[in-house]
Every structure is written in C-alpha cells, then in structure tokens.
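Marked as domain 'Major facilitator superfamily (MFS) profile' by TrEMBL: 31-479. Among the features that TrEMBL reports, transmembrane segment is placed at 32-49, 96-116, 122-143, 155-177, 183-201, 222-241, 247-266, 287-310, 322-343, 350-369, 375-392, 460-478 (among others).
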Amino acid sequence: MKANTHNTNSLKSADSISAGPMVENAHLRKTMLSLALPMLLSSLATSIANVGLPTLTQALNASFQDAQWVVLAYLLAITTSAISIGRMGDIINKRLLLKTGIGLFTAASVGCALAPTMGMLIAARVLQGLGAAAMMTLTLALVGEAVSQEKTGRAMGILGTVSAIGTALGPALGGILIAGAGWPAMFLINIPFGLLALFLASRYLPTSQTQTPRPRSGFDPLGMLLLSLTLALYALSMTWGHGTFDARNLALLAAAAIGVGLFVWAEKRAKFPLIQTAILHHSVLRGSLIMSTLVATIMISTLIVGPFYLSRALGLPMQWVGLAMSAGPIVAALSGIPAGYGVDKLGARIMVSSGLVGVVFGSMILAIIPTDLGVLGYVVPICLITAGYAIFQTANNTLVIQSVSADQRGVVSGMLNLSRNLGLITGASVMGAIFAFASASHDIQLAAATDIIRGMRLTYGVTALLATIALGISANQLRNKSNQ
C-alpha cells in the first residue's frame, strides 16, 4: 500500500510539474490576446476610414476637404493625447485607464455610426481617437508588467504584427463593409470586438503596480494642455492645405514653436512635471525616439512615392498597384513575431541595428534601381525596407520599455507613439514636397514618367540618408553597451 501511495504521489507531482508550464503558457496567450486586440482595433480604425471618404461625402452631403477631417481628427486626437494619457496611467492605474480607453473607443464607434452630419461624425472620431490613444499607449506600457522580461521581445513582436495587420486590413475590410451594409458598418464592426477587448482586459491583465490613485497634485494639467495645443498646432501646420505651404501653415508652425517654449517654461516650474527632466537625459530613450521619428518618416515616404511610380512610371493599372503595395505590409506582418524571438535571443540593441541595415540597403537600392527591372525591382527593396522596419520597431520598443522603471512606462510609451506619429506627419509633408520638387511639377498628377522616376530616386536617396543617421545612433548605443 505504501508503495502504491508513493507511486500515486509521484505521478501527481510529475503531473503538476508538467502542467505548470502549460498553465503558464495558456495564461500568457490570454494575456497577449488582451493586449493584441486593443492594438488591432486602434490600428484598424486608423486605415479603415480612408476608403470610405468618397461615400461619406455623398451620404452626409459634405465636401471632400471636410470628409478628410474624419481621418485627420482621429490622428490628431492620438498625437496630442498619447503622452498625457501615458502619464495618467503611471499615476493612477494602467489597466483601469486602458479599460476606460476601450470603453470610450467602443462608445464613440456607436456615435460615429449614428452621426447624422459630418460635424458630429468628426466629433465622434475625436473621442474615438482619444480612446485609441489609451489603447495604443497602455498596451505597450503593460507589456512590462504582464510579460516576463525574457519574453518581452516576443510580446512586442506580436503587437507589431497585429498593428501591421490592422493597418493593412483596413482598406479592404472597409470596402467590403461599405458595399455590403453601408458606411456605418465600418464603425459598427468595432462594437463586438471592443466589448470582447474590455472583457479580456478585465479578466486577464494584471493590476498595475500603482494600486491607488495618487493625490491630484501629481497631475500637471498646465503641461498637458500646453503640450496638446502645441502638438495640434504642429500637426495642423504640416497637414493644412494638403501639400501646399502658405502663410497659414507658417503661422501655425510659428505658434507651435512658441508653444514649445511655453511648455518647457511650465515644466521647469511644475511640482509634478508631465515629462521629467531625467527622462530627457536618458541616452537610450533619447536615441530611440529620434530613430523612431526618422524611420516613421521613411515609411510614410514609401506610401507617397509607391503609387505614383508604379502607375505613372511603370504603367500598372490601379488594381495591380494595390496588389504591389500590399507586399510591404504583408512582409511586415510576417516579420514581427520572428523579430520578437530574435530580440529575446540576441538582444534588442543588435536587432535594432539589424533592422536599420535592411532599411538602409532597401532605400539605397530604390535610389538607383533601373526601371527595366519592372515591378519586381521595386517590390523586393520595399520588402527589405518593411522587414527591416518590423525588426526595428519590435526591438526599439522592447529596448525602451526594458530601460525605464515601471512608474515611467506609461509616459514613455506615449513618447514612443508620439515620435512615430510626428515622423508620419512630418514625413508626409516634407517628403511629399521633396518628391514633387524633384519631379519638377507643381501637380504631381501631371508629371511625366521620367520626372516621376527622378523624383523617386531623390526621395529614396534622402530616406537612405535618414536611415544611415538612425543606424549611426544605433551603432553608438551598441558601442556604449559593449563598453559598460
């Protein structure tokens, strides 16, 4: 009997040992789903509205210029609020604020679908963007608390993958929903998934280390207001006029510069500053933010140049242009998870440099590629750039989150999102202007094929330079690490 009892206990012990990792992995999968779904929804909402703009102009009796604010209002809300929301997450509770953001995003989606006028739709998109800012910022911040350090890279890779999938899926899904059920469907699709995301976040995400709210004096309302206004002014200066830069843009840019000065002045005098001075002196964070801005500028350049080069220089019909342009996002989506494993095995700094090498070489090839190589000659380097981008993004996010303390991850995640959005906004304006200038045409739609080719080569020459600067920053970080 004793022998049987001993054998039984041994079997139970062995079962417990073998079941432990299985239970842990199952919980990790649920945790990652809780983080990935908000990231997917916020990315999907960024791109799905673009395809609906022509329909919205007819359905709501608005001009195309007014309809473009449906996209711009969402992006402005994310850009202006990311850092403030991240800081609030650090002070109060990241999980609670993420759930609030998901709830706001879902409720605003209902408002978008029911909006009877363009003005009300734009207002609802602002609220949706505020919710999305919390979803994007706090999912990154919660990785450091929900996932062990040795698996952070994989977690960031998964988030990068679902973000790329959401961005790539938006136009196609939006077209299907509008054709089948009308334009409100592209907002109603968020409701069941938003409710699911809210349930998963409540059930599986860990409670933030800051269990109870700190005193209200911990907030910096003046800093939040000044930063939001400054970022809004800068974003408008880069986007107002859609490609033209006149006195209004210059006035907005000057106002943004004044806003920066006022923000710095206020932060030096704040008892609880929105962005602490010590963070700005953090060499890893500073370098990572600069690299993130540069790489985002490069990525928006591919979306500006690609359609014109493929259609005007290579003569592809639009359906083939869309297919060729989809190669990059597909490669980015497929590269995220392997990049995460590479980060966990080799280290974030090495993978940051590896990704940037791909971006540099892809840009250099496009700057000199002969047109007789056709579509393949364009798509292959683009895939090299987007794969490098996916590797860089995963590694850079991991590096930043691992290099700061838990009570700073919210605001730092907001700074990461802000650096990316500023790169996209600035790149769309500046790189678009470079492309138009090199094409020697005030209206790029009227430029000849040879002018388009010249514009493409100069634009990618500039992106190669930007990528080389980013690679230099990364190499310096790698060298400093080896000297420690």
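Every residue gets a Cβ built from N, Cα and C, even glycine.
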- Item | Close approaches to the transmembrane segment (183-201) from elsewhere in its chain (Cβ under 8 angstroms; 6 or more beyond its ends) | 30, 33-34, 37-38, 40-41, 44-45, 48-49, 52, 55-56, 59, 95, 98-99, 102-103, 105-106, 109-110, 112-114, 173-174, 177
- Task: For the transmembrane segment (322-343), name the stretch out of 96-116, 122-143, 155-177, 287-310, 375-392 with the most CB-CB pairs under 8 Å.
- Result: 155-177
- Note on the structure: Counting Cβ pairs closer than 8 Å to the transmembrane segment (32-49), the top stretch among 122-143, 155-177, 247-266, 350-369, 375-392 is 155-177
- Integer average pLDDT (0 to 100) for the domain 'Major facilitator superfamily (MFS) profile' (31-479): 84
- Counting only residues 6+ away from its ends, which parts of the chain sit with a Cβ under 8 Å from the transmembrane segment (122-143)? 35-36, 38-39, 41-43, 45-46, 49, 69-70, 73-78, 81-82, 85-86, 89-90, 94-95, 97-98, 100-109, 111-112, 115, 152, 155-156, 159, 205-206, 208, 397, 401, 409-410, 412-414, 416-417
- Task: Go through the chain and flag residues at least 6 beyond the ends of the transmembrane segment (350-369) whose CB is under 8 A from any CB in it; none is fine as an answer.
- Result: 153, 288, 291, 295, 298, 339, 342-343, 377-378, 380-385, 387-396, 399, 456-458, 460-461, 463-464, 467-468, 470-471, 474-475, 477-478
